[in-house]
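Peer 1: The structure that follows is given in the form of structure tokens.
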Amino acid sequence: MPAGRAARTCALLALCLLGAGAQDFGPTRFICTSVPVDADMCAASVAAGGAEELRSSVLQLRETVLQQKETILSQKETIRELTAKLGRCESQSTLDPGAGEARAGGGRKQPGSGKNTMGDLSRTPAAETLSQLGQTLQSLKTRLENLEQYSRLNSSSQTNSLKDLLQSKIDELERQVLSRVNTLEEGKGGPRNDTEERVKIETALTSLHQRISELEKGQKDNRPGDKFQLTFPLRTNYMYAKVKKSLPEMYAFTVCMWLKSSATPGVGTPFSYAVPGQANELVLIEWGNNPMEILINDKVAKLPFVINDGKWHHICVTWTTRDGVWEAYQDGTQGGSGENLAPYHPIKPQGVLVLGQEQDTLGGGFDATQAFVGELAHFNIWDRKLTPGEVYNLATCSTKALSGNVIAWAESHIEIYGGATKWTFEACRQIN
């Protein structure tokens, strides 16, 4: 470029810069830039000044595009999963000849397929109602048997007369249910009759529940604080008991209890202890066709217990963090032992202790297929390993039997939920 033209270019650029800003920023300095002959000098200067801003905007746009792309990919993956699940459902409906009935009344849920709220479901609404009524009647009969036993011990003529009245009511209800079963089998009865009979039976059951609850309340007022049992009559995800106290940090423990169950397959979960970050900190469970197991920090040991014969059994498990050594006792006799069960892992404090349910989350996440069905009493925990003699004293109801120094069986320490019940129980006097 000739020297004269370059000088004119610098002069024009200086005029553009001076015209673009009215403020005085101190001594003026001139910057010469080579540009094409036909270019607009002022426009070129402004473009050079905004280059950084444009570059920043481009980077922000690129980041936004990448984020949107990730969101779209995630949504596509979700759509693919939902489509696959829908396809499986449709294929099962096509292959299953009873799909229509299953949709109308529910179907049997396979273990491990997800949360189950009520265990086994019946084929039709009517059959389901009758099944639930039968279970309720059985629960009421069991409660009356306990009241009868209590009245014998206390020689209460008023309790006996009321018990006889309630027993006759239950017998009448059983006849109504049996009659309804026969009607269903013969294919008789319409929706209106179904509704009327169900309302009548449910009304009678409600009245019975109230009367029995009054009896049990009077029974509770007169019994010692540790002479009681918990009953879980149904396999649900809402029936449980919670111990008000938590556990301290423990480097050894012994847990003992009385259990009675005839549930199959598996009696369920007598107790579970969960802490933040670990739902299986300490669990006793018998699920499906597996043997009973003890879990510590999600580590498992199989126990030699056989208790689902409908009889009362006393069980104890001892453990120490040193080498993870454990021992299992049934009815006062050691039946198994092992080591390397969560060695050198202390039981963590400040958790939630639940009776009758397995926790998938802290204090919840219950699954009906893992619920305990049966009766439980004298649940005690010590922060040490009991000796075989001490365990034997517990199983034989010796006067030397100890109460738990961490968790002691007391009615004031237990809260019940969802229909679980408490009534009088005296170990060794009422067993089998």
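Glycine is no exception: its Cβ is also placed from the backbone N, Cα and C atoms.
Bear in mind that the values here come from a model prediction, so they are computed numbers and not experimental data.
Okay, these came from Swiss-Prot:
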- N280, E358, Q359, D360: Ca(2+) 1 binding site (BINDING)
- E358, D360, Q370: Ca(2+) 2 binding site (BINDING)
- C256-C316: disulfide bond (DISULFID)
- 226-428: domain 'Pentraxin (PTX)' (DOMAIN)
- N154: N-linked glycosylation site (CARBOHYD)
- N193: N-linked glycosylation site (CARBOHYD)
- 90-122: region 'Disordered' (REGION)
- 1-22: signal peptide (SIGNAL)
Peer 1: Nearest by CA distance to D360 (Ca(2+) 1 binding site): which of the recorded positions is it, out of C256, C316, Q370?
Peer 2: Q370
Peer 1: Go through N280, Q359, Q370, the listed binding-site residues, and name the one with the sparsest Cβ surroundings, counting other Cβ atoms within 10 Å.
Peer 2: N280
Peer 1: What residues, ordered by sequence, lie under 8 A Cβ-to-Cβ from C256 (disulfide bond) and sit at least six positions away in the same chain?
Peer 2: H314, I315, C316, V317, Y329, H378, F379, N380, L386, V391, L394, G404
Peer 1: Residues other than N280, E358, Q359, D360 within 8 Å, Cβ to Cβ centroid, of the Ca(2+) 1 site?
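Peer 2: Once N280, E358, Q359, D360 are set aside, the remaining close residues are T269, S272, A274, A279, V283, Q357, T361, G365, Q370.
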Peer 1: In sequence order, which same-chain residues at least six apart have a C-beta under 8 angstroms from E358 (Ca(2+) 1 binding site)?
Peer 2: G268, T269, S272, V283, I285, W287, F366, D367, Q370, A371
Peer 1: Applying the rule Cβ within 8 Å of the centroid of the Cβ atoms of E358, D360, Q370, what extra residues of the same chain belong around the Ca(2+) 2 site?
Peer 2: T269, S272, A279, I285, Q357, Q359, G365, F366, D367
Peer 1: If you average pLDDT over the domain 'Pentraxin (PTX)' (226-428), what do you get?
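Peer 2: On average, pLDDT over the domain 'Pentraxin (PTX)' (226-428) sits at 95.
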